[in-house]
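Note sheet for the following structure.
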Amino acid sequence: MKKKLWAFHSWIGLYAGLFIGIISVTGALAVFKFEIDEFLNPHLFKVKPEVQHQDINKGIENALNLYSDNNGYRIDVPKEKDESLKVTIYLDDPVSAAKITQEVYINPYTNEVLGERNMYKSFSFFIRNIHVRLFEGLYGRQWVGFFGLLLTISLVMSCFLYFDFTKKQKFGEVRTKNKRLKYADLHKFIGLFTIVLQLIIAITGTWLGFQPKLEQPLLGHRPGKFIASSFPLDKKVDQNKVVDFDKVLQASKSFFPDMIPAMLIPSKDGSNIVRIFGDIPNTVYERHTNFVVVDKDNYQFISKLDIRESGPSGHLYYMQEALHFGDFGGILLKIIYCLMGLIAGFLSISGFFIYYKRTEKKRIKSYPLLTTSNLLWGFVTLSSLWFIIIGYSSVTYGATYPTTYYTTPLFYGLFILYISYRGLLMVKKWYPETKKS
């Protein structure tokens, strides 16, 4: 039984380890995607605090006047005194069937437009897209979920394999006789030391990857979701209707005082409502998922979701993303989650190192250049170059460009080549035995 577990654990690492490593390292970056975005674009995100905010309606109007022919919008309100207000405007692309999501940043103290950008060309979206979808345009999110599932299985198996190993060797005692033993021990001990948090991240990542396909058949819709039942207005009239967002924020404070408003979304389907999404401090839930709904005409209460009152199923559902990214416990927890991503990447790469070091002598007899060191440095170099190329293409032309023209075709091309190669090796291995029989 143990031999079968070892074989399956090794098989997962060998066939899926590279993808798991890429997802893990990009996940470490994704933990800090907002902080990185603010660091790269302080002119958009940061303002000089003054005595009090101006009427935000004027700033929102200034943003919407830039794109009067829009398909709707949402507003991200500042939580801190030195933060800008963001109006996200949805547009049609005049030269393609793709959609444009334009972000306009407003100084809430002066209502001045600070700048704007296409969200799909931002570095933060690039980080998110490579981690969540691997820049694969068809089933990227499900592929990430699949690799998350393999990681979960591998971690569970490692518990049975490596805890038994600690009975023979003192925990933390790393043998240094050679590099293979050294990295094998580091692989085992670091994996065991971080196993609980790694499992939490892997399990939640698996669910988040499969969620778009599984949520509807399993749950129907997310717990507490508000579904409008009345549509008194024409859709275009509803979309263009003037809303007093200062009154919307006042209504939110009145009807849901524990929630800190973060995002305002006026309806465009004729329902004549505004949804206010926000967060409750010191809770472990997905960002911006608590909400209150008010009427556009009189700003009276219609509905709300307080996740604290949603029951066990609601708690479990809305904890998934927070537990996956660790964005509920401040900067220290984010650092820990970032380290977990880097450690998972190390475990994947060290697993490769152990395997290729063990088979090195036999391999270099036929291919002298394919030393373990050359293979690993080649992988790191190619991955870094690929990361830079995709990143440059994404922030220059938009995420759709690399996804359509080379990442998706290359993903499936390399996948087919690799599976074909491994299949040929298996045929070569078993063919002589078949022939003898």
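A Cβ is built for glycine as well, from the same backbone N, Cα and C atoms used for every other residue.
Model, not experiment: these values are computed from the prediction.
Per TrEMBL, the feature transmembrane segment maps to 12-32 (among others). Non-local neighbours of the transmembrane segment (12-32) in the same chain are 127-128, 130-132, 134, 143-144, 147-148, 150-151, 153-154, 201, 205, 325-327, 334, 337-342, 344-345, 348-349, 351-352, 355, 379, 383, 422; each lies 6+ residues outside the stretch with a CB under 8 Å from one of its CB atoms.
Sequence-distant contacts of the transmembrane segment (143-165), counting only residues of its own chain at least 6 positions beyond either end whose CB sits under 8 Å from a CB of the stretch, comprise 2, 5-6, 8-9, 12-13, 16, 19-20, 23, 131-134, 136, 188, 191-192, 195, 198-199, 202-203, 205-211, 344. Residues annotated as transmembrane segment in TrEMBL: 143-165 (among others).
If you look up TrEMBL, you'll see 186-210 (among others) marked as transmembrane segment. Residues of the same chain lying 6 or more positions beyond the ends of the transmembrane segment (186-210) and with a Cβ under 8 Å from any Cβ of it are 23, 27, 132, 141-149, 151-152, 155-156, 158-159, 162-163, 165-166, 171-172, 174, 320-321, 323-324, 336-337, 340-341, 343-344, 346-347, 350-351, 354.
Per TrEMBL, the feature transmembrane segment maps to 331-355 (among others).
Summarising the annotation, TrEMBL assigns transmembrane segment to 367-390 (among others). Here the transmembrane segment (367-390) has Cβ contacts under 8 Å with residues 18, 22, 126, 130, 135, 349, 352-353, 356-357, 360, 402, 407 of the same chain, all six or more residues outside its ends.
As annotated by TrEMBL, transmembrane segment applies to 410-427 (among others).
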Other parts of the chain folded back onto the transmembrane segment (410-427), taken as Cβ under 8 Å at six or more residues beyond its ends: 15, 134-136
